[in-house]
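Positions annotated as signal peptide by Swiss-Prot: 1-57. According to Swiss-Prot, the repeat 'PbH1 1' annotation covers 468-499. Among the features that Swiss-Prot reports, repeat 'PbH1 2' is placed at 609-631. Under the heading repeat 'PbH1 3', Swiss-Prot lists 632-654. If you look up Swiss-Prot, you'll see 665-686 marked as repeat 'PbH1 4'. As annotated by Swiss-Prot, repeat 'PbH1 5' applies to 707-728.
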């Protein structure tokens, strides 16, 4: 940029205005005066009264204004903390706040590593956050913590390393002039996490002006130093552009078409819980789109290439953010692909491109390597040469055996894969089950859209949306990037929606090569550990990969679930919720608890259920299931192609015993889809092409049905002999006007096409079957389902 001419308003008294001119570098007089002219107009306008100055009295009131920070209970529930409870006005050890021998009446007591989201009051006069921080005197040993105050895209202030006994360090953070609506208070451990009792004290909002920026202008990433086609880290430049968007209150971020590289070193280190993943303390976020409103990111067909263990994209605490025409990939994919060159009854010989997939052989075992990481092998998936289909009847192949280098790129594995039907030319995807980071996270966001966004790789879910409202994905999807020669994409689900509400729309996208579902929609329920009194429950996050995120907030309704039967037991309103640690919570409700609630039951959020439209997508060549839905709001699955998804194409689930993923389906329409040779392998809950499989411990005790109102109509099934429909605890189930064309491309299961376990009001009619046949009750397997509950026609 030619010259850097910046002005800051230092003082306003009546009509006197002083500007500080900083950093005037060599530039022509012409350029200098052209810039100064616009500022001269602003000054003249102020003097002329176009921008009225404050009166001295008004100015004095504004300068002296202070608002004590009232930390909402929701911020404590949203806090990620490595251990223990976050406390208001108390230390981590539940004593008074004290730093460097000085006592403080107000603040937050936490334990590093932690990150506290702090919303800014909706007041245009709030300009700064002031406060102090340090290690609490009550810690039993010498801790070491670095405190940071962050916006949604950059570190605004850092304390440096602090230790017990040091005086509190003060900070003053510009807020309004940066367009900030959320701040993030992070305490990060330095040496280890021993005695890292971290206090934030004397927090106050200072009210000295409005500091509002212009609205809606275009921000060009190139003006902030983003350069395509070089291997330099583009993260800092992009984050500076995002900060500019926030300052001006929204607008368009324009990224010139090109290839851009991102590394952990230039990422914004944040700490928060992500549903259905491992829980690393730090998520290095390369593209943080946090605390934004009314922002459109135009990628113009660019490719973002990421290196190392990072979160590529984050949309958090934002509203009306759209990302358009962008591709996301890792330079080193998270799985390693090996091409089979020879098989026999004892060994399998493969070739691995070591440049694309770095590895070492240690103690005759694989050690796969990437930037900043090493991992072993746990299992593999086998993909067929030419078609890219997962090879039939292979499912997950567990192995971590003897590896012998043969020279060049060839290796011999002590592994008989011939017996699995694997042939030379097929591809083995060598993997494990680690899920450190998703490819894209949407968290506490409203009205988010991805348009023609392609996610090519991820170690966990490609897209994870949690605690958010209204999401739209159109075009793009999760697919192999052309030219890479790969067959796999996401390490788990392509898209995953946990505890969301409003509407989810996913349409015209391609999903292929992922290690789990194309889409998975569910709530998370917590296990009831103890009924403390008539209004209070102790609850627990029950799966180690689904902990810590805010399932309930005060004012929201919870629904009780009978643990053994999954039957609903009424609702209540949350009065208070205290997170004791990342896995345990104490909930107090306004109304008396139902007398039937007891330990072993579960609770879910009755205010966070989404409707779903999954329409005109292609799902192919993936592990496990094509799609999974668990929500009582309307679900429409229409016009999709499910092509060789190796498990069920569609699963309706629900449980309170494993993942604790709940949300009984009350209206599901499955129509105008095409199903081609699904169920070539078997996985959990995949009992038919369409499998309705809630996990009910005591099905015979149920008085009601878990799922209801499922309509399956006008679909085409091109399939070998496998069950078409399996259902447990479902009422009002219709399979009508479908076309089923059988083939012999794979070995059939030899089972009945319809299987029902404690179901009611089933209608099967007007279906066309080739070769021709007429279905009768003989084609149904019935368990705890009276025969008069199944009708054919009428």
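Note: Cβ is positioned from N, Cα and C throughout, glycine not excepted.
With DSSP classes pooled into helix, strand and coil, the tally for the repeat 'PbH1 3' (632-654) is 0 helix, 10 strand, 13 coil. On the 0 to 100 pLDDT scale, the repeat 'PbH1 3' (632-654) averages 98 in this prediction.
When DSSP labels each residue, the repeat 'PbH1 1' (468-499) comes out as 0 helix, 13 strand, 19 coil, counted as helix, strand and coil in that order.
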